[in-house]
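What follows is one structure encoded as structure tokens, with my remarks underneath.
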Ligand SMILES: NC(=O)C1=CN([C@@H]2O[C@H](COP(=O)(O)OP(=O)(O)OC[C@H]3O[C@@H](n4cnc5c(N)ncnc54)[C@H](OP(=O)(O)O)[C@@H]3O)[C@@H](O)[C@H]2O)C=CC1
Ligand SMILES: Nc1nc(=O)c2c([nH]1)NC[C@@H]1CN(c3ccc(C(=O)N[C@@H](CCC(=O)O)C(=O)O)cc3)C=[N+]21
Ligand SMILES: [Mg+2]
């Protein structure tokens, strides 16, 4: 039996409607709508698509988005000044600085400058540390979105073997922390991992975030496994594809996410949840 699809389109819309209801109740109670500052430096086409999706879903969720579109030659000092201004602004609940930043700007420095209470990406070392210590506050959107998808399978993760392929600061590492928090047994693989196929063959849950099209082979997938594909790769023909061989993996998996229409949409929906949560914490 081929895998069931974990449909990011449907599930992300459910989440956004939930946030919408929470926002409406808050506004009916006399508070202003939550507000998200979206900072984009330069005009990377992929970033423009993602930022466009974020602004559109803010509108659907009843969240005010405040765009700061800056030229590619913005200085680090100017970006620092903007973040400090947004930190101090009581009308702003969430700050998102779209990555990647131009090479002349130190991204780590900018992320560390964002007020952790407004860090709706969950990238600040404070928020990653909270997640590592089993006291999460604002959780990174992509891994939290993946956990929402995993919940929808109805499969209990406690004691399951999970393999995360990729160990970046925004995907693999926080994903491993999320799965550990859910009490799975977690293996994190990266470019120096030996015999990746063997690791994946053992996994009840596979999360791939590598950035190489069709990198995870369908024949590696254990029968009945859950396969979550975080990868977003644009092929020469203009089409998007994930990091997993979708068709072949579907023959073995019980559940699988498509690309597009999977994790990417969940990232944006989770950003809406985080922005609402930040607003409530800042102004109960
Ligand atoms: N759906 C979504 O919402 C999002 C999707 N993405 C997508 O996810 C993918 C990964 O993004 P990101 O984490 O930022 O990428 P990075 O390039 O920062 O990290 C890639 C990771 O994959 C590992 N890797 C690279 N080559 C291999 C290999 N041959 N074998 C095993 N591991 C390897 C790297 O290992 P090492 O640590 O050793 O270098 C690294 O840990 C991309 O396709 C990106 O577009 C990213 C963010 C959000
Ligand atoms: N500060 C910051 N926060 C991020 O969360 C962040 C970032 N920087 N930099 C880049 C990555 C990537 N990312 C995606 C967001 C939406 C889709 C998305 O909407 N994907 C759709 C369609 C994509 C398309 O059509 O190109 C889909 O998969 O169906 C994908 C990927 C957020 N990221
Ligand atoms: Mg840089």
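Backbone N, Cα and C define each Cβ position, glycine as well.
Just so you know, TrEMBL annotations never went through curation; they're auto-generated.
Record features (TrEMBL):
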{"type": "BINDING", "residues": "166, 167, 168, 232", "note": "NADP(+) binding site"}
{"type": "DOMAIN", "residues": "6-121", "note": "domain 'Tetrahydrofolate dehydrogenase/cyclohydrolase catalytic'"}
{"type": "DOMAIN", "residues": "140-280", "note": "domain 'Tetrahydrofolate dehydrogenase/cyclohydrolase NAD(P)-binding'"}
Candidates near ligand 2 among the binding-site residues 166, 167, 168, 232, judged by a Cβ under 6 angstroms
232
Lowest local Cβ density (other Cβ within 10 Å) among binding-site residues: 167, 232:
167
I'd like to know which of the binding-site residues 166, 168 has the most other Cβ atoms within 10 Å of its Cβ.
166
How many helix, strand and coil residues does the domain 'Tetrahydrofolate dehydrogenase/cyclohydrolase catalytic' (6-121) contain under DSSP?
61 helix, 18 strand, 37 coil
For the domain 'Tetrahydrofolate dehydrogenase/cyclohydrolase NAD(P)-binding' (140-280), give the DSSP counts of helix residues, strand residues and coil residues.
56 helix, 26 strand, 59 coil
Determine the C-alpha span of the NADP(+) site listed in the record, that is the greatest distance between any two of 166, 167, 168, 232, in Å to the nearest whole number.
16
